[in-house]
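Undergrad: When I checked TrEMBL for this same protein, it listed these features:
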- 1-32: region 'Disordered' (REGION)
- 90-108: transmembrane segment (TRANSMEM)
- Gly96, Ala98, Val99, Asn103, Asn384, Leu449: Na(+) 1 binding site (BINDING)
- 120-141: transmembrane segment (TRANSMEM)
- 162-189: transmembrane segment (TRANSMEM)
- Cys201-Cys210: disulfide bond (DISULFID)
- 269-287: transmembrane segment (TRANSMEM)
- 296-316: transmembrane segment (TRANSMEM)
- 349-366: transmembrane segment (TRANSMEM)
- 378-403: transmembrane segment (TRANSMEM)
- 437-458: transmembrane segment (TRANSMEM)
- 479-505: transmembrane segment (TRANSMEM)
- 511-534: transmembrane segment (TRANSMEM)
- 555-576: transmembrane segment (TRANSMEM)
- 588-611: transmembrane segment (TRANSMEM)
- 651-686: region 'Disordered' (REGION)
- 656-667: compositional bias 'Basic and acidic residues' (COMPBIAS)
- 669-686: compositional bias 'Polar residues' (COMPBIAS)
Amino acid sequence: MEEVSREGPSDASRWSDEGRGERRGEARNQDDKTKCLSAVLKALISLYIQSAPMRPPYARLWGRGDTVPGEPAKKDENSRRGNWGNQIEFVLTSVGYAVGLGNVWRFPYLCYRNGGGAFMLPYFIMLVFCGIPLFFLELSFGQFASQGCLGVWKISPMFKGVGYGMMVVSTYIGIYYNVVICIAFYYFFMSMTKLLPWTYCNNPWNTPDCSGVVSSPLNATLANATTSLVAGVTEVVNRTKRTSPSEEYWKHYVLNISDDIGNFGEVRMPILGCLAISWFVVFLCLIRGVKSSGKVVYFTATFPYVVLTILFIRGITLDGAINGIKYYLTPQWQKVLDAKVWGDAASQIFYSLGCAWGGLITMASYNKFHNNCFRDSIIISITNCATSVYAGFVIFSILGFMAHNLNVPVSEVADHGPGLAFVAYPEALTLLPISPLWSLLFFFMLILLGLGTQFCLLETLVTAIVDEIGTDWIIRNKTVVTLSVAIVGFLLGVPLTTQAGIYWLLLMDNYAASFSLVIISCIMCICVMYVYGHRNYFKDVEMMLGFPPPLFFKVCWRFISPVIISFILIFTVIQYKPITYNDYVYPGWSLAIGFCMAMSSVICIPIYALYKISRSPGATFRERLKHACRAHPKWGPALQEHRTGRYAPMASEDTVEARPLKEKEDLTIQGSNGSTNTHNNPNPSA
């Protein structure tokens, strides 16, 4: 027994050691298997990445690109200039640029004025034949050259004045657009109260003609007033002209408006302070260019849809909302035969998408070279138009509720522009329970919609300046340029914060970016399609995307879109009426200033063309003109790795020596019709 007892522990320990050894062996085998499996997976992933560009033909239109949307880029393709962090940032930024204040305060008004649902027919026809093709043209233009609105005109240097015209237009819009944003900031701050200040007519700024939607309670506490906004007695005003408390708050308190555009009066310090805040926010978001603004748009471009949805759900639950929506959508098909309806549809599509501002070219210039901008143009354009239609439901559901409470037709409370954003809609909000909350949401939405457009306007100017100078110092100190442009924009916006500021704001809105944009866009189409040559441009797009532009877009670029643009220009001239603001008629000298602002962007085109022709070599005017129209040798993809085919430099001296006459012939052909662009500069040693 003692032997057994003595041997027992030794055997047990031996068996235990053997077990541990077996387990160690199994663990080693498991580790080996894991390592082997990991190596196989790495090999498969590496093989997939290497073969990723080889995609099936049916995926060409939608799948081409070096980065998957939503996947962060590890390295900038253009290290000197920078790229978007990923493709989602570009799409969101472009959506924020296209979807602006006009989608909320202009489209719904145009829709009900031009036949309700019947207006959708010409609207979407113009979107297909003019909006999307022009959008795709500008995106592909900027992406191919990786340059801003000035640098892209290496395609035909004589037309560089078009780029300067775009800069002038963006400057005008950026100045007054930020003033609108700052007023939205002011209303946002003033909504942080228990009672909206434009609810009643018992304020120092009100006049005897003021008549509120909600009756003013007598001998009631502030708490009782806020809880009885809806339950209170509603006044039905049977007057030909009713002055609402929101209108008097807007005119006599916020603006303290003067009686004439020449009477500037004093600077409205609250508005000036909000203007400084607005420019500071824009600068902070652009402090690192597209790297910082690309992150901000994840919020600024998406949250407005959250607010729109909240306001829509609240609006359709109100009494009378259905009447407002019916007024918005009920088709009047007889108006489809009216040329004015088609003109309004074409103009709204053109201005809403931001064509000819330079912003689309600038934003696309930060894309990677092989990004599928064809897909992006369709997504962004349709999103923009769908947002306009959706915003109409939000606006007219609330206006229908307001008309129901006033017992008046919807047409009497419907408005557009600043009148809708700062008078009609704020007044309707006073009828809602917890009205300050809805007011905060509405004006916060306006701020975000405005900022999305303002980001691109400022980036357009900064990118044009930096690309034009192009030195290492200015590229490293791009933040300084951004700050300088923001400061200048703030100073130029100060006159718009005076008592006559609203007159000047509307003057700039009506003239600075009206027919001049149409002319700029038309000349851009002519230059690209007929001076540079449509075949050349189609080959450029095919080299960039991997597939040629669809036949529909080729036809639109060459024929249909220029015809529609010409129609918009003729329509704008025929329908021109001198600007008015309520009952105020602008004097002649102010209209002359407006026309000067409009012409200041267009005049850049012939002035620069004459300058370029005069500086071009040649014995006759015709030779100088040919040389000025000829594409610059540096035209083409910005990076050497993408300069393939006819943009490729000579690989060897033998090739150069074998083709000296061919190169001269190519240059001669290019000068005669602008359809060939060779960059194979002969080697000096050859």
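Residue 1 is the first one shown; counting continues down the chain.
Every residue gets a Cβ built from N, Cα and C, even glycine.
Those TrEMBL annotations? Automatic predictions, nothing curated.
Could you place these features in context, so I can see how deep they sit and what lies close by?
TA: Beyond its flanks by at least six residues, the transmembrane segment (90-108) meets 69, 84, 177, 180, 290, 293-294, 297-298, 300-302, 304, 328, 348, 351-354, 359-360, 363-364, 366-367, 371, 376, 379-381, 383-384, 387-389, 391-392, 394-396, 416-418, 420-421, 445-446, 449-453, 455-456 of its own chain at Cβ-Cβ distances under 8 Å.
Listed in sequence order, Ser352, Leu353, Gly354, Ile380, Ser381, Thr383, Asn384 are the same-chain residues at least 6 apart in sequence whose CB falls under 8 Å from the CB of Ala98 (Na(+) 1 binding site).
Residues of the same chain lying 6 or more positions beyond the ends of the transmembrane segment (120-141) and with a Cβ under 8 Å from any Cβ of it are 111, 152, 155, 336, 341-342, 345-346, 348-350, 353, 355, 360-361, 363-364, 373-374, 376-378, 380-382, 385, 389, 521, 524-525, 528, 540-541, 544-545, 549, 553, 556-557, 560-561, 564-565.
Cβ-based neighbour count (10 Å, all protein chains) for Cys210 (disulfide bond) stands at 20.
Long-range Cβ contacts of the transmembrane segment (269-287) within its own chain (Cβ-Cβ under 8 Å, at least 6 residues beyond either end) map to 178-179, 181-183, 185-186, 189, 254, 293, 296, 300, 451, 454-455, 458-459, 462, 479, 482-483, 486-487, 489-490, 493-494, 497, 501.
When Cβ-Cβ distances below 8 Å are used as the criterion, the transmembrane segment (437-458) is approached by residues 93, 95-97, 99-101, 103-104, 170, 173-174, 177-178, 180-181, 184-185, 187-188, 191-192, 196, 278, 281-283, 285-286, 293, 296-297, 299-301, 303-304, 307-308, 310-311, 314, 354, 357, 359, 362-363, 421, 425-426, 429, 482, 485-486, 489 of the same chain, each at least six residues removed from its ends.
Counting same-chain residues at least six beyond the ends of the transmembrane segment (479-505), those with a Cβ under 8 angstroms from any Cβ of the stretch are 171, 174-176, 178-180, 182, 255-258, 260-268, 271-272, 275-276, 279-280, 282-283, 286-289, 418, 458, 461-462, 465-466, 581, 584, 586, 590.
Remote same-chain residues near the transmembrane segment (555-576) are listed as 126, 129-130, 133-134, 137, 339-340, 342-343, 346-347, 350, 514-515, 518-519, 521-522, 525-526, 528-529, 534, 549 (criterion: CB distance under 8 Å, separation of at least six residues from the stretch ends).
For the transmembrane segment (588-611), the residues of the chain that approach it from at least six positions outside its boundaries are 158-162, 164-166, 168-169, 172, 261-262, 503, 507-508, 510-512, 514-516, 519-520, 523, 578-579, 628, judged by C-beta separation under 8 angstroms.
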Undergrad: Rounded to an integer, what is the Cα-Cα distance in Å between Asn103 (Na(+) 1 binding site) and Cys210 (disulfide bond)?
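TA: Approximately 30 Å lies between the Cα of Asn103 (Na(+) 1 binding site) and that of Cys210 (disulfide bond).
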Undergrad: Looking at the binding-site residues listed here (Gly96, Val99, Leu449), whose Cα lies nearest to that of Cys201 (disulfide bond)?
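TA: Comparing Cα positions, the candidate nearest Cys201 (disulfide bond) turns out to be Leu449.
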Undergrad: Check each residue in the chain of Val99 (Na(+) 1 binding site) that is at least six apart in sequence and keep those whose C-beta is under 8 Å from its C-beta; list them in sequence order.
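TA: Once residues fewer than 6 apart are set aside, Val99 (Na(+) 1 binding site) is near Ala301, Pro304, Thr383, Asn384, Thr387, Leu449, Gly452.
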Undergrad: Look at every Cβ pair spanning the transmembrane segment (378-403) and the transmembrane segment (296-316), keep those 6 or more apart in sequence, and say whether at least 3 of them are under 8 Å.
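TA: Taking Cβ pairs at least 6 residues apart, the transmembrane segment (296-316) and the transmembrane segment (378-403) are in contact, with 3 or more under 8 Å.
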Undergrad: Report, as numbers and ranges, every residue of the chain located at least six residues beyond the transmembrane segment (296-316) whose Cβ falls under 8 Å of a Cβ in that stretch; write 'none' if there are none.
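TA: Tertiary neighbours of the transmembrane segment (296-316) are 89, 92-93, 95-96, 99, 285, 322, 325, 387, 390-391, 393-394, 397-398, 401, 432, 438, 441-442, 444-445, 448-449, 451-452, 455.
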Undergrad: Write down the Cα-Cα distance for Gly96 (Na(+) 1 binding site) and Cys210 (disulfide bond), rounded and given in Å.
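TA: Approximately 38 Å lies between the Cα of Cys210 (disulfide bond) and that of Gly96 (Na(+) 1 binding site).
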Undergrad: State the count of C-beta atoms found within 10 angstroms of the C-beta of Asn103 (Na(+) 1 binding site), not counting that atom itself.
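TA: There are 24 such Cβ atoms around Asn103 (Na(+) 1 binding site).
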Undergrad: Taking each of the recorded positions Cys201, Leu449 in turn and counting other Cβ atoms within 10 Å of its Cβ, which one has the fewest?
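TA: Candidates: the recorded positions Cys201, Leu449. Fewest Cβ atoms within 10 Å: Cys201.
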